[in-house]
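Q: Take this structure, written in structure tokens, and hold onto it; I'll ask about it next.
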Amino acid sequence: MFYALGPLALFAFATEVMATPVAYPMTTASPTLAKRDSCTFSGSDGAASASRSQTDCATITLSDITVPSGTTLDLSDLEDDTTVIFEGTTSWEYEEWDGPLLQIKGNGITIKGADGAKLNPDGSRWWDGEGSNGGVTKPKFFYAHDLTDSTIQNLYIENTPVQAVSINGCDGLTITDMTIDNSAGDDAGGHNTDGFDIGESSNVVITGAKVYNQDDCVAVNSGTSITFSGGTCSGGHGLSIGSVGGRDDNTVDTVTFKDSTVSNSVNGIRIKAKSGETGEIKGVTYSGISLESISDYGILIEQNYDGGDLDGEVTSGIPITDLTIENISGSGAVDSDGYNIVIVCGDDACSNWTWSDVEVTGGEDYGSCENVPSVASCST
């Protein structure tokens, strides 16, 4: 039998239906992939795989990696406190390009070379005697950029095309027992094979480094609180500040070179301030440096660098202050046609120096020193 519902009954029925909750299917959160403790990559696909997986692994081991031509072994997106270990030989295929061949960034990163491991880009394939000044385009090797509170231990780098290690934007980086061996470039056209180029960084400590190359062993272009100690430099241009000037950051403050040897090199100690530029070189110390077989300049301090040593007008825009040079041993170290000590300063631009126990002989006295602070001397 059919019964008709009145208006009040219909209203009550509709209200009850609307008040009844609709049962939807239950949803669950997507599972979170756990970060693996250790990942190992090898072979020709290893570089790309490591780059893709760098946020997933607490420890990344690169074992006998071959990096394809024209690409960077890119570990610039590492999670905090990641460890990177190089095993065996890491090699790179050939291409003419700017690089870098290797790039590592991050916070709390530990980079290690296992016993017997080598990073060998086989730079001889690019060497033509012109370095970064011409010839074929050569890739820079290792960008250690934007590393904070990080360490690099026991890396062995062999035969870079040009500059080896660029340190930039780092704060709290410690490098121990690194070897950069470009000695093969002495007779095969290696050029501009700088060991460590440092800029815009602070609290950098390099200990026990061995650098065999054809340019600066260390060049500090800007930065604060930088120390290089217990090092061996051979074949290059010595322990350098600069050139300073003409960059975004033109301040060098509190840099120490100590207990190191420079041999078979063009220069021993060199400070280069660019002619006509502005900046500041302050609180630099060279202490306990031993010089051997220096061809051109035992100690060179210049405020007229203009692309070449002593080439420009002497200017005062980059003062050199609070400089300490002490306990320098170089008796007979300079070639007979080289210069023992050269100091060329602008007016009132070199002040508050400390100069003690400096013995650099074998070469000539430079007859055109300018504005030498009273504590120092160009004569030996």
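From the backbone N, Cα and C atoms, a Cβ is placed for every residue, glycine too.
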Q: C57 pairs with which of C39, C170 in a disulfide, per Swiss-Prot?
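A: Of the candidates C39, C170, the one Swiss-Prot pairs with C57 is C39.
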Q: Could you check which of the disulfide-bonded residues (C39, C233, C345, C350) sits closest to N327 (N-linked glycosylation site), going Cα to Cα?
A: C233
Q: Of the recorded positions C57, H237, C345, N352, which one has its Cα closest to the Cα of C378 (disulfide bond)?
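A: Minimum Cα distance from C378 (disulfide bond) across C57, H237, C345, N352 lands on C345.
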Q: Relative to the Cβ of C369 (disulfide bond), which residues of the same chain, six or more apart in sequence, are found under 8 Å away?
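A: V342, I343, V344, C378 - these are the non-local Cβ neighbours of C369 (disulfide bond), listed in sequence order.
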Q: So what's near the repeat 'PbH1 1' (147-169) in sequence-distant terms, Cβ-Cβ under 8 Å and 6+ beyond its ends?
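A: Non-local partners: 86, 99-100, 104-114, 117-127, 131-132, 138-141, 175-182, 184-185, 190-201, 204, 211, 213, 215.
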